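Q: Have a look at this one.
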């Protein structure tokens, strides 16, 4: 008889949709352990602007894969998949269920479908690219990438030499673009995955939540948090950490661009745009059960029934 794969739960949703609150309620009812799926929560010292769970919430429901990196460090979808699979195996070994919670859809996709193996770094080609950059400038190399791989060029900033160099290197080694290779699925996740997404039914309600949360962040000291990052000499606005929604707008304000009120407004607008992209991605997701942010009790019941039907007992 074939042994069943272990169960894992995905709880996705746009920013400010109530994912954390729902996850904590599940943690109190079932033997689940939470793994964060968020490209901003990985950074230490970025607590307020990321709406990171506070000490009380973490005491009720510890989260794995938060506060694992300094803001100066980079982290890829492949890094996340490796780390998440390790944490999931540890949770299952304890007889519990991995509950993956967050809004970084690329991480969920990488975990669920796997990633195609990219060619190993080639020091000779890497050096050629760096010499070209010294001679022509990174903008010229970005223009090259725009010609061969416009999709990657759109998401890689000209002032992000590490990712720009890698995209060009992959093409020169393999003859295929980074976009082509990453669209090829890798090894599927070795779990039975139940997938859920939570969001308000009305867009206006999500916008209201986003605005209220951003204003609360500012009241809680968000400006001071970004000032502490700004004061460091190893951080700059082209790093993935500083490009996080809210941080980039506050950083621009500290750089002398506009007023604080304008930075707050731009931060709210950027957060709305992020939520729109997240919802667009989720609408194309297969095998997804939607939950209503404004009816958390019903959401808990839906998840409870799904867990129970998969023969997982309550604690």
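Each Cβ is built from the backbone N, Cα and C atoms, and glycine gets one as well.
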Q: From 157-161, 162-166, 167-171, which range did Swiss-Prot mark with region 'Interaction with substrate tRNA'?
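A: Comparing 157-161, 162-166, 167-171 with Swiss-Prot, region 'Interaction with substrate tRNA' matches 162-166.
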Q: In Swiss-Prot, one of 276-283, 284-291, 292-299, 300-307 is tagged region 'Interaction with substrate tRNA'. Which stretch would that be?
A: 276-283
Q: For which of the residue intervals 26-29, 30-33, 34-37, 38-41 does Swiss-Prot record region 'Interaction with substrate tRNA'?
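A: Per Swiss-Prot, the stretch marked region 'Interaction with substrate tRNA' is 38-41.
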Q: Give me the count of other Cβ atoms within 10 A of the Cβ belonging to residue 17 (ATP binding site).
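A: I count 26 other Cβ atoms within 10 Å of it.
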Q: Apart from its near flanks, which chain residues at least 6 from the ends of the region 'Interaction with substrate tRNA' (162-166) lie with a Cβ under 8 angstroms of it?
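A: For the region 'Interaction with substrate tRNA' (162-166), the sequence-distant neighbours (Cβ-Cβ under 8 Å, at least 6 residues beyond its ends) are 74, 121, 126, 129-130, 133, 138, 141-142, 145, 156, 178.
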Q: Can you tell me how many other Cβ atoms are located within 10 Å of the Cβ belonging to residue 20 (ATP binding site)?
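A: Its Cβ shell of radius 10 Å holds 23 other Cβ atoms.
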Q: Enter the number of other CB atoms within 10 angstroms of the CB of residue 19 (ATP binding site).
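A: Its Cβ shell of radius 10 Å holds 25 other Cβ atoms.
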Q: Rank the binding-site residues 13, 14, 18 by the number of other Cβ atoms within 10 Å of each Cβ, and give the residue at the low end.
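A: Taking 13, 14, 18 as the binding-site residues, the minimal 10 Å Cβ count falls on 18.
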